[in-house]
Amino acid sequence: MSLFAPNNTTVCDSNLFNQEDWLEVVYIGSAVLFIMALRGLSKTETAKWGNIYGILGMTAAVAGAWASQFVCDEGYWLIAVALFPGLIIGILLAGYVTMIQMPQMVGLLNAFGGLASALEALGLFLDPNAEYGPNGFAQIDSSERTAEVVIQTIAMFLSMIIGMLTFWGSIIACLKLNGNLASKARVPPFRTVITLLIMAAIVAFCVLANHEGYGSGLGLMYMLFVAALSSIWGVLSVIAIGGADMPVVICILNTGSGFAGVCAGFMLANKLLVITGAFVGCSGAILSVIMCEAMNRSLWSTLVGGFGEGASSGGAKVEGEMREIGLEELAETLNSSKEVIIVPGYGMAAAKAQHAVAQVTEILRSRGIRVRFGIHPVAGRLPGHMNVLLAEARVPYDIVLAMDEINDDFQKTDVTIVVGANDIVNPAAAEDPTCPIAGMPVLEVWKSKLTVVMKRGRGAGYSGVENPLFVRENNRMFFGSAKPKMEELAGRLLELAAGGHAESGKVADTPHEPAQEPDSEATVAAEAVVARETYYNLGVLKDRYPGEKRVALVPSICAKLYEKGYAINVESGAGVEAGFSDDAYKNVGCVILPDTATVCDNSQMVFVIRPPAVDVLAHLKGKYCVSWVGRLTDAGKKEIEIANGEGVNVIDVTAVPRITIAQKLDCLSSQAKIAGHRAVLEAAHEYQKFFAPEITAAGKYPPCRVMVLGAGVAGLAAIGTAVSLGAEVRAWDVRDVSDQVESMGGKWFSVDFKEEGAGSGGYAKESSDAFKEAQKATFHKHAKECDIIITTAAIPGRPSPRLIEGYMVNSMKPGSVIVDLGAEGGGNCELTRKGESYLYKGKVRIIGYTDMGSRMADQASTMFAANMLNFLTHVHSKGPEDGRDARSFISAFEANINESPESDIIIRSIVCCKDGQVLKMPPPPQPSPVAPKNTDAVSTPGGVGQVSAVGGGILASSQFLLLVAAVILVIIAIWAPRTFIDLLMVFVLAGFVGYMLVWNVQPALHTPLMSVSNAISGQVILGGIFMVSSDEVATQVFAVAAIAIAAINIGGGFMVTHRMLAMFKRDTR
């Protein structure tokens, strides 16, 4: 018997539409189980049962169809021949695929779903009696019969078109994801015209095939033309879309697979096919919308393709230097942090680094450090791609959080590590409305105290937009492939855990600090000193400046210099005030000499904090003196003139240019860190109340209110210390560094006046008079409210700017404290007395100390010495590779003092005079500006325009769509037969249920959701089962092929879902 016949019977003498009651009940049960499957996948805790429900639903549906009246004769064994090999192939594919290859696997399953529907459409067309429709001929009148056949035919053509488009589109997507085709968007010339011509040709061939009729040879040729053109359409559509848009493409193709199944359901009048196809189609459609919203792009713009091709023409130009971080510094910083967030991107997947990332995570967590992950919806090449990779590496799923869950926590995070991500952490999306990714929701990693970006190169992301994060003051670059770099980091963290000196639970220094923390004095002293040959003599002088307690080189640094071939002469008592005894120096190989003159006479280069007196200079003729000169200041210029007159070669440690490679030499930053921290301690000592809010039996006490003016290195250090003591901190700077202030726990306030405050060299510039007036009004208001004011403003070579006037001090509360770190340059406060602390009018303590470093002499000396070690090491790097130590120091140093373009900018900048000639300081390099802020965009959701995922304009409006729906429903009511209306009702309700279920799925489960929906789309197997008993051999062949292909989907989809879900584990700590 044919599939359809004019005598009111179909396959096996049964009517497709009039199914037995028990089979309808099976279908209902299967539909309920599929609903439970999708609902189970909404949460990680119930996801495994969701997969089991899906397997039970599919088993019931296939078994019911196999046992139904529509299978007879050879159909029984043909189903087995196709079904079981297909299941085995699918299970084997899913069992051997790696999690890295999961996007390819999902794409392949999408392809199989589309292909099975297309094969069934072709098999139906080859049955010459299919023109009688699924209801048979005799039951219905001619008008309804005509409508029935028209609907069946349209559904058949759509099943063929959507199925082949999905199949070839998925194949191209798989090839792109696998690297067989370049992931770059390739938009063919005249693509729009070609596409329109293809669509017109498809319609024409469908009309011709329908004219020739079912089962005709010429009609078959036209159907093959339709299949070929649909395939070309699929190839052209996907090849024009870049690799980073693959999450959206995979979702759209998943939608195609589902709706091809819906068309097969309408074609064969099967309600369960319509239901499952609607579930799958809605799943893919909703995920597509979620992905588009996560990129702030419309679905149409994604499908058009070409996004990110070449450099972006939009967006502000990013200027500044990327600052690198070394392995040692990164390991020390992580090991001394409390809160760490890791943000993985496609670079982690490409490098297969998830296991190394998991190892770093486990080491840090074992040290008591809180580690979490922040996942962007479009990170990777598949929805939920990063979640699956981390689950494979056994990272607990409850420390892996979605973007919306973790964005508010970045400002409380010590370190954020970005692993192979770019656009999803780009501040320009929130701050620059002119760039192509404006409005795209991103992970706000720049609010962390420190961000470390791990990537292979310096290029822009997929969008072509340069990333200002890379040049921000609180960011460091860790270049290299993610896997080996994370493995190296894990190894170093293990070494620190075994015997390193970093302490868990202490926040790391800000990025301005020197990277190399010296070993403790006790550790160095305990080691036997091995006699070594030395090549260059260094001297360490005792500082004679009144109140100066610091020493230029500490024993632990001297030990390292001795290893590099330096002989070190130390004046007796040089380090005593800083806590370093002469014996400590002797224990590391230094020679202790009795006085300054002896040290100078026996050294080629001497180190001292403050510039030496004239009587000392007489002993340094023709030698180098390294000290804190301040060559841009008037006092510094006088010191240089005096030293040059004595024939001394002067090196100024404060003249280090602010460029990436010079960060480790920057003693201004390291000493400013000390000053900011100490300023808060001095204020706390004088302040006679609690810092933190207190509720006691004796009453309730508010927190201390602290205002910090100037948020450079010293200001940020002050903010961090005050916040850690429990104070309520507010801060301001002439530059907009609100993100850095907030990352330290402070609150940013601004002056209601627009003026660019960033000056050359990364410092603030002098403000205009109009700005100063607005500034004073703002400061006066805050001074009345605050208990402590700490000022840190300074402009190199100029007097300190006046920020606090006398009338502001008069308005402050009794018991208030002002600490003026600008006292050296005249003070930021009008009433500051340089070097003094006094009580103003019996109510406000004003502190103008200029020796904050000496008040923490041990720490300040240690950091200064580390800067000096880095200075010498930098000079070594300019020498020959086989002699990068003391042997090559003087030759490498003097070779780079000249003004040639090849000379080193750092060495040229710090040498003030040599051989009786005052050297001109080279122009400072371009500063690394703080990225401009769009405060509206950051503070309000509507600051940067949001793009509708379904596009804009009248055609995408709900009113227009409602009008279109109304017109379609009127046509259906007038023309469509009852059977179609029943199926349409089922489709609408199933679509609504699918919509409600899929929206509630956790982002971490989006990949398992897609694989389960792939398995459910294998429900199209029912069409092949109903067609396999046909008397038409050609129809049987295509039915068997459809069963086998659909079985691969079923077996592969459920198996790969099982594998993924088995990897998800809870945090057991």
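Using N, Cα and C of the backbone, Cβ positions are placed for all residues, glycine too.
Database features, via TrEMBL:
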type: DOMAIN; residues: 539-675; note: domain 'Alanine dehydrogenase/pyridine nucleotide transhydrogenase N-terminal'
type: TRANSMEM; residues: 25-41; note: transmembrane segment
type: TRANSMEM; residues: 53-71; note: transmembrane segment
type: TRANSMEM; residues: 77-99; note: transmembrane segment
type: TRANSMEM; residues: 106-126; note: transmembrane segment
type: TRANSMEM; residues: 154-178; note: transmembrane segment
type: TRANSMEM; residues: 190-210; note: transmembrane segment
type: TRANSMEM; residues: 222-241; note: transmembrane segment
type: TRANSMEM; residues: 248-267; note: transmembrane segment
type: TRANSMEM; residues: 960-977; note: transmembrane segment
type: TRANSMEM; residues: 983-1001; note: transmembrane segment
type: TRANSMEM; residues: 1034-1056; note: transmembrane segment
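Of the Cβ pairs linking the transmembrane segment (53-71) with the transmembrane segment (106-126) and spaced 6 or more residues apart, fewer than 3 are under 8 Å, so the two regions do not touch. Beyond its flanks by at least six residues, the transmembrane segment (106-126) meets 3, 93, 156-157, 159-160, 162-168, 170-171, 173-174, 177, 209, 214-215, 219-220, 223, 227, 250, 253-254, 256-258, 260-261, 263-264, 267-268, 280, 382, 1007, 1010-1011, 1014-1015, 1017-1018, 1020-1021, 1023-1024, 1027, 1030, 1032, 1034-1039, 1041-1042, 1045-1046, 1048-1049, 1052-1053 of its own chain at Cβ-Cβ distances under 8 Å. The stretches the transmembrane segment (248-267) and the transmembrane segment (77-99) do not meet in space: the count of Cβ pairs below 8 angstroms, excluding pairs fewer than 6 apart in sequence, stays at fewer than three. Sorting each residue of the domain 'Alanine dehydrogenase/pyridine nucleotide transhydrogenase N-terminal' (539-675) by its DSSP state yields 57 helix, 22 strand, 58 coil. Under 8 Å from some Cβ of the transmembrane segment (25-41) lie the Cβ atoms of residues 47-51, 53-54, 56-58, 60-61, 63-64, 271-272, 275-276, 279, 283, 990, 993-994, 997-998, 1000-1001, 1005, 1008-1009, 1012, 1016, all in the same chain and six or more residues away from its ends.
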